[in-house]
Amino acid sequence: MTKRVIFHIDVNSAYLSWEAVYQLQQGSNVDLREIPSVVGGDIKKRSGIVLAKSIPAKKYNIKTGETLFSAKLKCPHLVIVPPRYKLYMDCSAAMGEILKKYSPSIQFFSIDEVFLDYTNLERHFGPPEMAANLIKDDIKKTLGFTVNIGIGSNKLLAKMASEFEKPDKVHTLFTEEIPSKLWPLPVDELFMVGSKTKEKLLEKNIKTIGQLANTNPNFLYSFLKSHGILIWNYANGRENSPVRNESLPMKCLGNSTTIPFDVTTKEDAHKILMGLTENLCFRLRNLKKCASVVSVSIKNNLFEHYSHQKKLSHYTNCTKIILESVKILFAEMWNREPIRQMGIQLTDFCDSDFHQLSFFDPDPIKYKHLDNAIDKIRLKYGKDSIFPSCYLHSKINPLQGGVIKEEDYPMMSSIL
DNA sequence: TCTGGGGTCCTAGGACCC
DNA sequence: TCTGGGGTCCTAGGACCC
């Protein structure tokens, strides 16, 4: 059996790099990568967090996910640019086109991370490190941004290797290098060890990936359940999932939004929920799917989060039917406390072409035609070209949620 | 530090059935 | 009326990722 060679390509400070390249192309004489800068939301709309930071911004101890307010305190002259997701998707797709020249087997893991299977391809582009450098420099020369490439015996090791030293670097992490390169690292640098798991491991005096690797898995299972076995295997470099060319079937579809003000009335809440439902059902129909489980979630002004869900008697993608369920679920759970964020999620899908119509629907064909007519107008003239009249003179936007505006993008899975 | 929006997977308890 | 065990479905919540 031939030894597998997997690459993990990771764009350095993706959103910020892409923004910087775009601004240079537009004639700007400032490279955002060379000054303290971040891509972030809008402080006034309460969605103000750091999505990506430049290396100079990192020197001010600015972290991804922190508030723009806090970042500004650390660096008063910080440059903040709003995100442009359509641009990022185009950059991501362009990188994918380059990668396809080097292997028939690539898998997008997120908008800025790709796995590439280089097994048995040495005769084309040389040994793995040479090929990885070729790819890295090809992307830099053609598209203007830098990537890190990790090379490993499986996807996990390749991903860990791409994290080592940044930017614009190639690193290897083969099985025989695990004790020297992986085991000395702090345990929370391991993929799938987040803050909660880190705390529990520290309580047991497990501080490094090496200590985790050499812990009895039964002991880990006793306080982390199956997740303990997963991270124990990862700490030992064991992982064998294939680089998948085709995307896995969708499991969940949702839209949520943080409202610029705390919602305290049913009327405002219903407008938000209608906007979210319209947007979500539009996406669902574009994917040619129907769903049978509807879930509504709320975050209150104390940041407490809770949700209610319900299985419908049949599959549907009809805005009106889903909105009715959403309103019922909301009424069941809301105790009139101020709401900061609302979300709607759909799960359990079937293909819309063949789904069973319900006898109990008021008039399924009529609503289907209505949804289709609205979808066509929105596709042709833009999403905000048509909206319910209750939004006129309202302080609430008609279409809520959805950072990705143009099309749906394949997202990552927590399992490699 | 006063914390977005998009996902996936897992667990636990209760209902219900045989 | 009380006892049992196993299986599946449903629901709520939590952990992780980018």
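Backbone N, Cα and C define each Cβ position, glycine as well.
Here is what TrEMBL says about this protein:
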| type | residues | note |
| --- | --- | --- |
| ACT_SITE | A:GLU113 | active site |
| BINDING | A:ASP10, A:ASP112 | Mg(2+) binding site |
| DOMAIN | A:6-194 | domain 'UmuC' |
| SITE | A:TYR15 | site 'Substrate discrimination' |
Model confidence over the domain 'UmuC' (A:6-194), averaged pLDDT: 95
Integer Cα-Cα distance in angstrom, A:GLU113 (active site) to A:ASP10 (Mg(2+) binding site): 5
Number of Cβ atoms other than its own within 10 Å, given for A:TYR15 (site 'Substrate discrimination'): 24
Conformational class of A:ASP112 (Mg(2+) binding site) under the three-state DSSP mapping: coil
Neighbour tally for A:ASP112 (Mg(2+) binding site), based on other Cβ positions within 10 Å of its Cβ: 22
Which of A:ASP10, A:GLU113, the listed recorded positions, has fewest other Cβ atoms within 10 Å: A:GLU113
